[in-house]
Amino acid sequence: MGPVMLDVASYELDAEEREILKHPLVGGLILFSRNFHDAEQLRELVRQIRAASHERLVVAVDQEGGRVQRFRDGFTRLPAAQSFAAINDAATAAQLAQEAGWLMAAEMMAMDIDISFAPVLDIGHVSAAIGERSFHSDPQQARIMAECFIRGMHSAGMKTTGKHFPGHGAVTADSHKETPHDNRPLAEILTHDMVIFRELIQRKLLDAIMPAHVIYTEADARPASGSAYWLQEILRQELGFEGIIFSDDLSMEGAAIMGSYAERGQASLDAGCDMILVCNNRQGAVSVLDNLSPIKADQLTRLYHSGQFDRQTLMASSRWQQANKALTALSERWDAHKQTLGQ
């Protein structure tokens, strides 16, 4: 298994994609909304992906809830992370967050999808890229909600990915469109934004981490996703993280500062990433596959899901039905709440 995660164009594989998935550097595939028409088609696409690759790939998606939910029709409408604590008492918020983690994971694993890149551990709602994807503006409250969501995911059999290390919540720029700079003192980042990562790592609740395409100017001139300081010195050595480190999508403008696609990929691997994401640019992905030196990343097998969910059986279960009803209601209440605030 190799260290590259890429994407495919549509609802089913084409001939070129079948060949690309056999490349020894490919170890994963991420799905997007454009790959989804309905649940039956999605299940068949994942089957095609499994059949095309020589080794079992890690199949991933961003199914967080709120505005980031790639699969909607036929799946539970998942609430935005901010909604749990914002409009519920503490006990209800904790219960709903845990059920959301369980239900999201169960619905994805019923499609034979290994991981959803969740939860978001960024603090606060000012960032254009984050907003309601953050659980809370208070680090301890965010950690409590995230821990509940994680326990739900783990109980279903899905591994967790905390993002975006060491914290994307304070920058207003969107790293999908430009390279954000966080100019705050390093001490503030370490004692405010990074605390949630530190505590969840200590509790052994994070199986993987995705760093931010953000330059923390008081620490390093490179984005965290390509920074040996953040990934090796801080994340591995100081925090003792032993799980998988993903790059964020190297096609994002925030990664362009690291050079060509192949240079971005090599820089991220050299900095300490275990798996690099190259999405939404077939030419860029092929360039990475053509130019990266051969490398094995067998540790990625730890991310395979361990759930045994049949979609029909899951949706007939009382737990799913109760969770589906409660989470759909929370999503609707959150919409109404935002309207009263003029958002």
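Think of each number as a place in line: the chain as shown, counted from 1.
Even glycines carry a Cβ here, placed using N, Cα and C.
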Given that Swiss-Prot records ARG70, ARG133, LYS163, HIS164 as binding substrate, the matching residue among ASP62, ASP174 is ASP62
Among ASP62, ARG70, ARG133, LYS163, HIS164, the record's substrate-binding residues, the widest C-alpha separation in angstrom comes to 19
For ARG133 (substrate binding site) and ASP248 (active site, nucleophile), the CA-to-CA distance in whole Å is 16
According to DSSP, ARG133 (substrate binding site) sits in helix
Of the recorded positions listed (ASP174, ASP248), the greatest number of other CB atoms within 10 A surrounds the CB of ASP248
Across the binding-site residues (ARG70, ARG133, LYS163, HIS164), the Cβ with the fewest other Cβ atoms inside 10 Å is that of ARG70
Rounded Cα distance in angstrom between ASP174 (site 'Important for catalytic activity') and ARG70 (substrate binding site) is 19
